[in-house]
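Q: Positions annotated as GTP binding site by Swiss-Prot, on the basis of sequence analysis: 103-110, 185-189, 245-248.
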Amino acid sequence: MLENIRDAVRKFLTGSTPYEKAVDEFIKDLQKSLISSDVNVKLVFSLTAKIKERLNKEKPPSVLERKEWFISIVYDELSKLFGGDKEPNVNPTKLPFIIMLVGVQGSGKTTTAGKLAYFYKKRGYKVGLVAADVYRPAAYDQLLQLGNQIGVQVYGEPNNQNPIEIAKKGVDIFVKNKMDIIIVDTAGRHGYGEETKLLEEMKEMYDVLKPDDVILVIDASIGQKAYDLASRFHQASPIGSVIITKMDGTAKGGGALSAVVATGATIKFIGTGEKIDELETFNAKRFVSRILGMGDIESILEKVKGLEEYDKIQKKMEDVMEGKGKLTLRDVYAQIIALRKMGPLSKVLQHIPGLGIMLPTPSEDQLKIGEEKIRRWLAALNSMTYKELENPNIIDKSRMRRIAEGSGLEVEEVRELLEWYNNMNRLLKMVKRRRGNIDKLFGGKIG
């Protein structure tokens, strides 16, 4: 799945096919790749319908080429499919923190218990593992081996067939020994299709242990079948979250991820390999960046981020025009950094007021002068203190000299920056409260 979509992105961005035809071909490739990854067909066609709708309704910002803009929309919509901005909270909310792992047989639950213990141990927590899976003969030995490998204590009773009794004793002992995080590996004797029995046992164990988190472990290879299991689990345990394992070994990982997200359950981690450290917190945007090929879309995402940051500065300017506060040099600094993210300065310099190059078509020499001025002003801003950026009025002649020395500039250049800043604040107060005036001030709309 990942390779197919990544190849489609590269082909789309570097190919010579006419734009409209290239878009149609890409959408078809995207649909095929997602469906072959076992993503629900309805979800796939809903996704591509949203992409097409945005293409028809929205206009690309001037800092993005049409193809770049299209890929940024694909990135947005795919991120929503896999969970959007939701960031799982993996930090314990109290100590000790009891985690109960549940999952059907073969889901990789015991291996995940070891990985989870290692994840928290690396972060400085004292971790204890409880082996309460009595139905799989090798479960205790496997957990003991993992515990020895990572230096984590394991409690288990190989001759006791009562999982609830073992879990209760193990938790009590680890609480007494002042463990920060206690992970209970519960029984996994039921297969897929036997969710009712699994959830009944989970409830029984939950009532005794009163854990702080219940995590359902799902094998990625079941694809969209994960929907039924995750849905029933989410209804039975609203505080619970999900770990999807074996993402590296199946083409159905996208199907499992999208299915779990569709239930409303939170995906906390994904397993990305067999090694003990191959467990990562799940982040939809990071996952989608990987799908699309981070090297191919990084510059596009950087431009979009710059555009978002620039919009924040524009809103701040609107507030200043309404008499709410004052533009600071920190705002100016943020504005310049945002513009730099949006592409070569030669393409965005005309949007910065007061540089004397706001012509319909600035000459190459004018652009070079402007770029150099921006670079030198940034050096000056980097040499100022936090207080000076917030209130430039405190900068006296002595500080001007120090700032100039620290940034390799002439004192006159620092003075010019401060004069430009003061002029800009005066301009903002004079301009009427209309978006058109702000755009005029900035040489035209960017977004």
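Backbone N, Cα and C atoms are what each Cβ position is placed from, and that goes for glycine too.
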Q: On a count of neighbouring CB atoms within 10 A, which of the binding-site residues Gly103, Gly106 is highest?
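A: Of Gly103, Gly106, the one with the most crowded Cβ is Gly103.
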Q: What does DSSP say about Lys109 (GTP binding site): helix, strand or coil?
A: helix
Q: Among all chains shown, work out which of the binding-site residues Lys109, Thr186, Met247 has the most CB atoms within 10 A of its CB.
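A: That would be Thr186, with the most Cβ atoms nearby.
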